[in-house]
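The structure under discussion appears below in the form of structure tokens.
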Amino acid sequence: MMSKILIRGAQVLGGEPQDVLVDGEYVEAVGADLPVPDGAAVVEAAGLILLPGLVDLHTHLREPGREDSETVLTGTRAAARGGYTAVHAMANTFPVADTAGVVEQVWRLGRESGYCDVQPVGAVTVGLEGKQLAELGAMHESAAGVMVFSDDGICVDDAVMMRRALEYVKAFDGVIAQHAQEPRLTEGAQMNEGVVSAELGLGGWPAVAEESVIARDVLLAAHVGSRVHICHLSTAGSVEIVRWAKSKGWNVTAEVTPHHLLLTDELVRSYDPVYKVNPPLRTETDVLALREALADGTIDCVATDHAPHPHEDKDCEWAAAAMGMVGLETALSVVQHTMVDTGLLDWAGVADRMSWRPAVIGRLGGHGRPIAAGEPANLTLLDPAHRAPVDPADFASRSRNSPYRGRELPGRVTHTFLRGRATVVDGELA
Amino acid sequence: MKRHLISTADLSRDDAILILDTAEEMARVADRPIKKLPTLRGRTVVNLFFEDSTRTRISFEAAAKRLSADVINFSAKGSSVSKGESLKDTALTLQAMGADAVVVRHHASGAPHRLATSGWLNGSVINAGDGTHEHPTQALLDAFTMRRHLAGAADGGPVHHRGPGDGTGRDLDGRRITIVGDVLHSRVARSNVQLLHTLGAQVTLVAPPTLLPIGVGSWPCEVSYDLDAVIPKSDAVMMLRVQRERMNAAFFPTEREYSRRYGLDGLRMARMPEHAIVMHPGPMNRGMEISADVADSHRSTIVEQVANGVSVRMAVMYLLLGGAVLPDTDAPIRNASEESK
Amino acid sequence: MDTSNTAGSAPRPVLEAPDIQRVLTRIAHEIVERARGADDVVLLGIPTRGVHLARRLSGKLRDITGRKQPVGSLDITMYRDDLRMGPARALGPTDIPADGIDGRLVVLVDDVLFSGRTIRAALDALNDIGRPRAVQLAVLVDRGHRELPIRADYVGKNLPTSLRETVKVQLTEEDGRDAVLLGDKATTPAGEQ
């Protein structure tokens, strides 16, 4: 039996304080000074920001195959802690999510976890090998209802393969999410190619390796009349290409990760592999261009690229370390720090970039909806005044590879509601 | 001086001159009947080599032994390292063995930095070459060699000296040093550019553009693609080894073309100033970046560099290990006149 | 004991420039006398001030014998027994005359003889360089408090001191003036002894 919950005095999307009444799985009413129904739980939310439950287009849950770094359960618990009510689970698991069977398994594990909806992403090619198209239609028609396809971690670099994939998913309005990385230009690459890589003697990862693939793919998408989504866009040049493609009216969307909005390749000087990530941390010029592009809508959304790794995969020399960072539990704080506290985006903008638009790109029903009567009660409450150093030991994620360890960030998710049920209460898992 | 030697960028001008001056004193030991000092008695130096480099290893080994340290050679070949033991586990093993210093050669850039900063071991870490990052003792021995030859004149002008002790106390102010070859993949070049700049030299890198890193523009040096234009204005020309395999990755078309445009032969050498020297960190590709007659000429300091390597490494080990174990700070070096009697 | 002299007093000279000149001349004569003409003497000064004293003694020996005696320096830093008690020390120069020390009479020269540990280190260092016929020791000041069975053959001045006191030798070549100063540990700048 679901009882009623009254969220009292929350700043809805950062606006004037209002009360929000949740009944069962839905929002029943939004307004000032709503009466407290009998038996309703009251959440005092004065000073807190109420957002629609966040939606992540890019999460690595690692299950099946690498349960030592994350499972669907631990990953969705981390997502709830971060204010997410839905995550897209990337396909690079073991086995690869390239069949209806694997995506249904992941989808079911998500349902069972109860903390956050898990929407599987299907692989574009069999085994992420770039040679043979995976059964995109079967994955779409499965219980998982896959709409987003990606070989993330590996670029679909064959132009014909990319063209076919883009064309094929038109049949069911799917989208190809491209990991843009020209493989030959990034052989042995370890970090952004530039001043710092030259000094550190680490193999350079040129911006052009990302930009050239994005340029090709937006042209391909335009040519075949399909839509393409660019994963973790990381350079100022990529922004320019996407901006140009959008000006043409082409169906191109893009995401940026929280870490690319904040961190630069200067951090690599420590040789600490916690800063090793794909695509690599870029320069301050890139960071500023990405923030501006997220603010003006050139970049549609923030996606975490949450990439858990066990300690031993980062506790080693740089070249031997795995690429990636955990991000679910710090994403909203980083966005507040880089976009809201800097005046680039208001809270309605955050709701747009972290909930509404990712849900639209993923064609995800029930999420990314307005906070209004009759809508699903997927909600996130945030205390924007809270400030504390990040302590990965406190994470719900099974992995601790956070680049923000010890860094003071603003904002704390106090409550997350998944279809009316609290998954996080007072910052702790319910 | 810091507690570790990872990068020449960590050395101040005074640090660098102290190392070179100390190396001059160490060099005298080689002329004695007993080529040994008791200074590091009871200290343990581990040579941790993840990459084959017999020349560098024996140079460090000779240096440590001349200072009476116990030396343990730990080579990745045939050891547990090649069976997948992590750098961390290896470090913990060395820590348990009580290593006072770890001389590390590693194929991964930054591995010595990780060893020094990760808390895996307490000893001093001396970088003996990491990936394509740095090789600081090579740069120090190069600077030592240059100083003996180029900084000896009373007026500070370049002269062709070969006397031990020449240049003691001096830097390389105004000397024009040209480094030629595969800068992109060269840890020697990176260490030299930093150190020579610190010592006041004017460094020019010469290479085909494919073998220069993107970002080289921020380095404290000049860059040229034209060796012939730079040669007559060089007090020292350092030729870097160019691996023939680079040709396969299209860094240059053929050996012949590389050699013609960027190799040092007798004709080019003849256009160097009278006093200028030719250097090479070894091992050489004779006929590729350097012709045999140049390598064997009176201007060549290549053999001398090897001998100087031992003195410089003795100096580094003495300065890092010769005193108390200190926290990782810039501890002042005590002056000789401040000793108790 | 005179306690009226408060702890804040400045170091007072116990030898002035003319005294130093005089005792060095005397030591030079003693060396010639005891070494029967001093033909095989090699003077080795211990850096920093011992080197200057050795050079001065060499000049005086030349004045007496008409011959130039080899003079050099012997740094003992790397033979010290207290290296681990502080940060690494900068080395002084070691400069052994070209003909070496084998079969020669080596006279070690230092400014102050105190614990004897410096001279112990110097003897070890000499051992690695060659085999002298004999080794003798000349010091400007012997302040006592030996910690090893070592004595000087030639002493400029015996200066009984307390361990609380410091003895500082100044030489023109290094300090711009000649003097031997006796001070209090509490008031003497760090680094003096």
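Note that Cβ sites are derived from N, Cα and C of the backbone, with glycine treated the same way.
Cross-referencing B:Arg105, B:Arg170, B:Arg246 against the carbamoyl phosphate binding annotation in TrEMBL, which names B:Arg55, B:Thr56, B:His135, B:Gln138, B:Gly282, B:Pro283, picks out B:Arg105.
Comparing local CB density within 10 A for the binding-site residues B:Arg55, B:Arg187, B:Arg241, the maximum falls on B:Arg187. Listed in sequence order, the residues of the same chain lying 6 or more apart from B:Thr56 (carbamoyl phosphate binding site) and placing their CB within less than 8 Å of its CB are B:Phe49, B:Arg105, B:Ala128, B:Gly129, B:Gln138. Summed and averaged per residue, pLDDT over the domain 'Aspartate/ornithine carbamoyltransferase carbamoyl-P binding' (B:3-147) gives 91. Separating the Cα atoms of B:Pro283 (carbamoyl phosphate binding site) and B:Arg241 (L-aspartate binding site) is a whole-number distance of 7 Å. The carbamoyl phosphate site is defined by B:Arg55, B:Thr56, B:Arg105, B:His135, B:Gln138, B:Gly282, B:Pro283, and by the 8 Å test on Cβ atoms against their centroid, the other residues of the chain that qualify are B:Ser53, B:Ser59, B:Ala128, B:Gly129, B:Val188, B:Pro281.
Sorted by the number of other CB atoms within 10 A, the binding-site residues B:Gly282, B:Pro283 start with B:Pro283, the lowest. Within the same chain, residues at least 6 positions away in sequence whose Cβ sits under 8 Å from that of B:His135 (carbamoyl phosphate binding site) are B:Asn127, B:Ala128, B:Gly129, B:Arg187, B:Val188, B:Arg190, B:Ser191, B:Pro281. For B:Gln138 (carbamoyl phosphate binding site), the count of additional Cβ atoms within 10 Å of its Cβ stands at 26 [all protein chains shown].
B:Arg241 (L-aspartate binding site) and B:Arg55 (carbamoyl phosphate binding site) are 15 Å apart (CA-CA, integer value).
Chain A lies within reach of B:Arg187, taking the binding-site residues B:Arg55, B:Thr56, B:Arg105, B:Arg187, B:Arg241, B:Gly282 and requiring a CB-CB distance under 8 A.
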